[in-house]
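Asks: Structure incoming, see below.
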Amino acid sequence: MSHQSDLIATDIDAYLKQHEQKQLLRFITCGSVDDGKSTLIGRLLYDSKLVYEDELAKVQSDSVRQGSVAGGFDPSLFMDGLKEEREQGITIDVAYRYFSTAKRKFIIADTPGHEQYTRNMATGASSADLAIILIDARHGVLTQTRRHSFIVSLLGIRHVVVAVNKMDIDGVDYSEDRFNEICDDYRSFATRLDLPDLHFIPISALNGDNLVDRSENMPWYTGSTLMNFLETVYIGSDRNLQDFRLPVQLVNRPNLNFRGFCGTIASGIIRKGEEITVLPSRQKSKVKEIVTYDGNLDEAYAPLAVTLTLEDEIDASRGDMIVRSGNLPRSESDVEAMLVWMNEEAMVPGKTYLVKHSTQTVPGNVETLAYKVDVNDLHRMPAPTLELNEIGRVRLSLSAPIHHDPYRRNRTTGAIILVDRITNATVAAGMILDRGTTGSHKSVWDDEVSTDDSSDALSTVTTEERAARFGQKPATVLLTGLTGSGKTSIARAVERKLFDAGRSVAVVDGEFVRRGLSRDLGFSADDRSENLRRSGHLAHTLNDAGLICLASLVAPSDDVRQKVGKLIGEDQFLVVHVATPLDVCRERDTKGQYAKADAGELSNFPGVTAKYDVPTNPDLAVDASTTSIAECADAVVELLKLKGFIK
């Protein structure tokens, strides 16, 4: 129901425009059985005068007939619409309710509290911005409270209100001590969850205490009422406006002169003229038009439904994804995810399911189950399978790559569901994890062999023989610095000098590696680590062949640089810091990457939106803003001579 306004009678167009511009907040109520979730929502609507008269009369009549509340009406009947729900006094399915106030529009999902309906609760929470977790003041924090809190955290809901309900009950009597006791108990559990914005409000849902109006029965509470908090909580920063993702739903071809790619923007912003990449083909083009039902736009953002036309004829179809060229998602056929199992039939490791991800559907199987989670204490337990409503971490092996982001970063492109191929039933909901997230799967760095296990150990040609043939010792020189510092220019100049001197040398350029070996990686810290690991392997292989390798890479993490040194061999690994100042790097930026990073269009960009660890003890430091490229190259050559790699 909409907020009543005088504009409805005087200027309906102005009212509709005002209503259209209100921000929408989606929230859920959850908690254990009979904690008062439906009662809370019903009373919230009633006290806000957002209930129709005929609906109120029906609820009052049903309250008298059922006798569910002594001496008054039962607000929960506004939400429990199923006959079984009203007869049993419980919520079975998710009930959605829309209403608005003068400040904001709301969509409420009233979720069931019984354990057997946990899957229904997870469904309601999947699109919520905020969660209200109810706790009965008599019973405190229960197992189902913990279960729902864990799911709320798992599904990335950042804003949580713990509403301690039934403060009016005999034995509680609006006690501040009891409220504080429950808050402390919940906090001790919540410290192990990712709940960054947590608030506590004492309420009586049946009587309306601290819902819309401040309670006279609890003068010791000086915080916000529930409605005031819902109207004012800031959710703007929750939106991902950096990573542009458009899963293609269909190709619109109404005539020979128009070909557009339709879909709902999952995240980010796109503008006319910007370069895009279509996955998985990796073809590039530029946005020609952004077409919508209401006319063409110069820019569009999530969650608008748009049709993009491109400057070039590119082959794309449903299941493909259009992204900004400088910000690619991961494209992988092996992913790790947390699953909420939602089917009566237990999960079967190795069984093939259909994995639905955005507009893409691919067959896949659960390769391994790392552990399941005991929601009562959050301990991880080994298990052969997942039963109904259980939660666990799995590794999925898919028949084709999916283009995804970690769920923590992008709730749309990080979400999957598993479907039974025979019954077509949804059996699980999954949240894709970031590479390297704590779990049973080791970091790929942990699997690295030592330099003693190099290909040289299997070759009939020894390192010494290669050194004698080439007249040099193999080495890798890592030139690290910010984008635009001059790393690659110096590497190419050194290559020329060494080659002209009769040396065998090769350059590993970061952009070259990104187009080949690391084309499936993005630019998160984990992806940069993996990119450097692969580049390190390439450099190590070149060293095994007797070559001097010049690796030009940003390599922002000091920890990862040290790992590369161990991978290659510290006795043949040199670090050159190209210490060109940031302001000079910005001036040299011909691709506009720094400007995009400043505008929030490029995430994890070293020097702007991500940290660059300045090498503390490099073998050489040069400043390409005060020293010419040729002089920098000479310094690198002298370093190689000083270390004995060349004469």
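Placement of Cβ uses the backbone N, Cα and C atoms for every residue, glycine included.
As the structure is a computational prediction, the values presented were derived from the model and not from experiment.
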Asks: Which of these ranges is annotated region 'G4' in Swiss-Prot: 165-168, 625-628?
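Replies: Feature region 'G4' in Swiss-Prot: residues 165-168.
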Asks: Quick check on the binding-site residues Gly481, Gly484, Gly486: which one has the highest count of other Cβ atoms within 10 Å of its Cβ?
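Replies: Output for this query is Gly481.
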Asks: Name the residue among the binding-site residues Thr483, Ser485 whose Cβ has the smallest number of other Cβ atoms within 10 Å.
Replies: Thr483
Asks: Take every residue in the region 'G3' (110-113), average their pLDDT values, and give the whole-number result.
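Replies: Mean pLDDT across the region 'G3' (110-113) comes out at 68.
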Asks: In the region 'G4' (165-168), how many residues does DSSP call helix, how many strand, and how many coil?
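Replies: Residue counts for the region 'G4' (165-168) by secondary structure: 0 helix, 1 strand, 3 coil.
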Asks: May I have the DSSP-based helix, strand and coil counts for the residues of the region 'Adenylyl-sulfate kinase' (473-614)?
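Replies: So the counts come to 66 helix, 24 strand, 52 coil.
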Asks: Taking DSSP states H, G and I as helix and E and B as strand, how many residues of the region 'G1' (31-38) are helix, strand and coil?
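Replies: Counting residues per DSSP class in the region 'G1' (31-38), I get 2 helix, 1 strand, 5 coil.
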Asks: Say we define neighbours as other CB atoms within 10 Å of the CB. Which of the binding-site residues Leu482, Lys487 has the fewest?
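Replies: Minimum Cβ neighbour count within 10 Å, taken over the binding-site residues Leu482, Lys487, occurs at Leu482.
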Asks: I need the neighbours of the ATP site defined by Gly481, Leu482, Thr483, Gly484, Ser485, Gly486, Lys487, Thr488. Which other residues of that chain put their C-beta within 8 angstroms of the C-beta centroid, in sequence order?
Replies: Val554, Val578, Thr580, Cys585, Arg588, Ala624
